[in-house]
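Novice: Swiss-Prot lists Gly17, Gly18, Gly19, His20, Ala21, Gly22 with the feature FAD binding site. Marked as NAD(+) binding site by Swiss-Prot: 281-295.
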Amino acid sequence: MALTTAPTESFDVIVVGGGHAGCEAAITAARLGLNTALFTLNLDRIAWQPCNPAVGGPAKSQLVHEVDALGGVIGRLADGTAIQKRILNASRGPAVWALRAQTDKRLYSHQMLQLLQHTPNLALREAMVTGLETTAEADQQRISGIRTYFGSVYGAEAVILTAGTFLGGRIWVGHQSMAAGRAGEQAAEGLTEALQQLGFQTDRLKTGTPARVDRRSIALDQLEEQPSDAADHFFSFDPAAWVSGEQMSCHITRTTAETHQLIRDNLHLTAIYGGVIDSKGPRYCPSIEDKIVRFADKDSHQIFLEPEGRDTPEIYVQGFSTGLPEPIQLQLLRSLPGLEQAVMLRPAYSVDYDYLPATQLKPSLETKRVRGLFSAGQLNGTTGYEEAAAQGLVAGVNAARHIGGQEPVHFPREGSYIGTMIDDLVSKDLREPYRVLTSRSEYRLILRGDNADRRLTPLGRDLGLIDDRRWQLFEDKLQAMEREKQRLETVRLKVSDPVAPAVEEETGAAIKGSITLADLLRRPGMHAADLVRHGLADADLPLPVREGAEIDIKYSGYLQRQQQQIDQVKRQSQRKLPADLNYAGIGTLSNEAREKLGSIQPTTLGQASRIPGVSQADITALLMWLELRKREALAPPAEAR
């Protein structure tokens, strides 16, 4: 819709939605000097965690480390509000190590609101955004502002949509439903239609959340306790953000034969299995009924009981989301050991909502159809706070650069999980909620959480998101790591040293004369912590320095090989494709490739190669066509020959 009413107020950037993507986008744009406004339906539910009150986990923790390395805030908030932390996959290699923190959800939201309120250049507004104002240009529409439910118009040079599950949101308990973005909060009206009027395609997805149970009604003493085991690990690379508060335990129970029978008997009462809705749900976070159907041979499934905060009795029943009616939900809960007397405080529900398939976006997260309009978070088809926060930061950076007339920042797939995720989103026709996984990256040994600062903090500094203090911390850490690696490569443990027998026994290998500490670390089962225990390393050296030096040394051969692979792939995959390339006119491409390439308009050869339906033969044909055009462009005119 064209701007027909004088704006009530004007900003450089408007962010629509106050979830994890919106907060990250708004703070980023404001810190880059843009006059920014964050519009949200409910200022009391800023950065709410409507599902699991947790941050991190496999691949997700790497995303959080990356956002922090660039100057984002999700890692700082998670460190400041953590009530339990664990290292997942600790027995495996560093490529899949993952920090996961249970957070105090109310404290997390409160601290984010405080941060927003004290960020210069950032205004907060509570309103429902229902329309998008645009201005026609020669070749496409340009965003010029937003319109609210009550008719106010706000001008902006860039708008970032981060509406989460609120566009056309509808929550379901059994076959009963109501319009809502999540329990207790109204859905957003009008914005889906506004996008469709501008020519965007929308579709529907589904997600869900389990019931909340009163802690006081659970026999926790009968259940397996899962205490915190990573109090000295943090998401942020900034020690000023580290908080070591009182930790709380989680507990583990399991489904029973009674649980499974109840579910099988009542499947038809869910909205999905009853045929009421057909929206796709998240593959990697299935409902309990999906688990029973998909894994019919399993007698039992593990269920985690996770506290939602220090000052609330609410327990999140992880692994037990369901779309069954409320009375049956209570029966299901009471079929679990330790929950025979469970009091259900909030029922489980599923929510289906409108989303914007992300093939309509550029890698900068700007829409292809409307200049200055960006989209981030669950609206793009992702699931998870971490995925949302990462997209929010990217959209905030690129909205600021759009206004400043600068080239957008593109995150290459091989350089970060952020890049992997965005490349997947804009290249693949995804029709189910997307979550980041370590298996999605071909370069996961390089893309670890511990080295996210080394990969991305220089970029954050160049962008203006890393201040002098953070930069000095980063440089100090690099210098300390280099000194420690040099020490490990030069200091030798002699067979005659007092600790040598104990080291030989632990590693199961003899020391022949002497061995450098670096070679000792390369032995299976020997770690930096063991060097400290044997007095071979300084216990006062910061843990990130010790662990980073160990990984660099222990896996040096693998790291070098993977870096060589990355460099080789870069040379070809980062070749730019012309924005106006007419794929329909390239006869050597298959019909499907012409259609897919023309629809998605990839920006690089690498992105083109990852589009489903585009074969390696098509990429070869495209490369040959580009080379031919390049030679033709370089050839002298016929009359000059």
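Every residue gets a Cβ built from N, Cα and C, even glycine.
Tell me about the surroundings of these features in the structure.
Specialist: Within 10 Å of the C-beta of Gly22 (FAD binding site) there are 30 other C-beta atoms, taking all protein chains into account.
Other C-beta atoms found within 10 angstroms of the C-beta of Glu289 (NAD(+) binding site) number 22, with every protein chain shown included.
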Novice: Relative to the Cα of His20 (FAD binding site), which of the binding-site residues Arg283, Cys285, Lys291, Phe295 has the closest Cα?
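Specialist: Going through Arg283, Cys285, Lys291, Phe295 one by one, the Cα closest to that of His20 (FAD binding site) is Cys285.
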Novice: So of all those binding-site residues, Gly281, Ser287, Lys291, Val293, Phe295, which one's Cα sits nearest to Gly17 (FAD binding site)?
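Specialist: Going through Gly281, Ser287, Lys291, Val293, Phe295 one by one, the Cα closest to that of Gly17 (FAD binding site) is Gly281.
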Novice: Using CB atoms and a 10 A radius, I'd like the single residue among the binding-site residues Ala21, Cys285 with the highest neighbour count.
Specialist: Ala21
Novice: Where does Gly281 (NAD(+) binding site) sit in the DSSP three-state scheme?
Specialist: coil
Novice: With the FAD site defined by Gly17, Gly18, Gly19, His20, Ala21, Gly22, which remaining residues of that chain have Cβ atoms positioned within 8 Å of the Cβ centroid?
Specialist: Val15, Cys23, Glu24, Ala25, Thr40, Ala47, Thr162, Gly164, Gly377, Ala388, Gly392
Novice: Measuring CB to CB from Gly18 (FAD binding site), give everything in the same chain under 8 Å that is also at least six residues away in sequence.
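Specialist: Long-range Cβ contacts: Leu38, Phe39, Thr40, Leu41, Asn42, Leu43, Arg45, Ile46, Ala47, Leu124.
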Novice: Please report the distance from the Cα of Val293 (NAD(+) binding site) to the Cα of Gly19 (FAD binding site), rounded to the nearest angstrom.
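Specialist: On Cα coordinates alone, these residues lie 33 Å apart.
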